[in-house]
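The structure appears right after this line, and notes come after that.
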Amino acid sequence: MGLRSHHLSLGLLLLFLLPAECLGAEGRLALKLFRDLFANYTSALRPVADTDQTLNVTLEVTLSQIIDMDERNQVLTLYLWIRQEWTDAYLRWDPNAYGGLDAIRIPSSLVWRPDIVLYNKADAQPPGSASTNVVLRHDGAVRWDAPAITRSSCRVDVAAFPFDAQHCGLTFGSWTHGGHQLDVRPRGAAASLADFVENVEWRVLGMPARRRVLTYGCCSEPYPDVTFTLLLRRRAAAYVCNLLLPCVLISLLAPLAFHLPADSGEKVSLGVTVLLALTVFQLLLAESMPPAESVPLIGKYYMATMTMVTFSTALTILIMNLHYCGPSVRPVPAWARALLLGHLARGLCVRERGEPCGQSRPPELSPSPQSPEGGAGPPAGPCHEPRCLCRQEALLHHVATIANTFRSHRAAQRCHEDWKRLARVMDRFFLAIFFSMALVMSLLVLVQAL
């Protein structure tokens, strides 16, 4: 029993010691490989066997996060994963000579790295490289994965704000090597969005890649670069709820000033209040928009609405002057009586009390002329005395004066009522016009969101 226990303990000890010894052998082989590779290696020179040979670099970009889009300064901040692959002619070995070791990971500062930078960089920091490891394979293939936070310039077009789409390009290329020395190409037709973290303000539609070969005035050789164009569309729900929808409701409320009775005294106050509310929203909009040549869509809508409210308030003041015109005003002109108080009043159903809609007021019969001596009423009885005749003539004169005064007062009152009715017709007419304008403008803007 004791002998069997002794053999079991010895077997377990060998089982634990054997992997450690093998691991140590693998570490020694990796150290030997590292010393052999970098004994006469320099990272200062382009790693090609022939100096006339072009070194090909493959560039792959993975979009991880949109950190910030500064519309006012037109700067886009992104978090990217950048992978670069190339072949180093001086870093090759036979895996069989090193125990089957076919890849090692070493600091990127030890090997030559392509000087690929972001051309449209927007900050003052000098271009630098992340100090991450590179994967080196036995055939000389080098793969360098590095995270990067980029700040690039992006021309923001706010003409369709808040339903706008932006195209922001990130151009990568070699800073010193021409196309005959270093050629950069994208891996795939677009950047990867597999690990992208969704942004609350922007929706990413894609990030296609495009290779260009340009020639600059300073040099005769071509310079290739790779441009990744980030396609963005703004999420407009917050702007619709906070800026657009209140303006739509206010614009629909403004024409209702024409429907208020003139005696309420609030017709002009409503228009001025609406104008002040639109001014406040206009200031809020101006704070979030960058200074640009093109006016955003919502800005045009605000200006059109404010113009409409201004005109409606001015027309309200003119109509109130017609409503409160004094008794000494002239009668309504014949053309206005026929056109506005006739056809337009019937079309808008503006009628006097007791008058059915669609029926115009019957023409007023002018009273028959009465002479001061022949007043209305039953004929006077026989009176032949001089005193009786004088009293009868005085009485008839007073009755005629009262009748003429009453007729003049009634004519002035009728003239005033005509002007008030004309004001109601114009109120109803402009209510329909301005409400239709506000509704059409609001629908045109809201259709952009669909």
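Cβ coordinates come from backbone N, Cα and C, glycine included.
What Swiss-Prot lists as signal peptide is 1-24, and the listing cites sequence analysis.
Taken from Swiss-Prot, the feature transmembrane segment covers 238-258 (among others).
Taken from Swiss-Prot, the feature transmembrane segment covers 268-288 (among others), and the record attributes it to sequence analysis. Same-chain residues lying 6 or more positions outside the transmembrane segment (268-288) and placing a CB less than 8 Å from one of its CB atoms are 71, 243, 246-247, 250, 253-254, 256-257, 260, 296, 298-299, 302, 305-306, 309-310, 312-313, 316-317, 320.
The transmembrane segment annotation in Swiss-Prot covers 302-322 (among others).
The topological domain 'Cytoplasmic' annotation in Swiss-Prot covers 323-428.
What Swiss-Prot lists as region 'Disordered' is 355-380.
Within the chain carrying the transmembrane segment (429-449), a Cβ under 8 angstroms from the stretch's Cβ atoms is held by residues 160, 163, 236, 240, 244, 248, 251-252, 254-256, 258-259, 297-298, 301, 304-305, 308, 312, 315, 319, 344, 348, all 6 or more beyond its ends. Marked as transmembrane segment by Swiss-Prot on the basis of sequence analysis: 429-449 (among others).
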Excluding the flanking five residues on each side, which residues at least 6 beyond the ends of the transmembrane segment (302-322) place their CB within less than 8 Å of a CB in that stretch? 247, 250-251, 254-255, 257-258, 262, 267-268, 271-272, 274-275, 278-279, 281-282, 285, 295, 419-420, 422-423, 426-427, 430, 434, 437-438, 441
Local confidence of the prediction over the topological domain 'Cytoplasmic' (323-428), expressed as mean pLDDT: 61
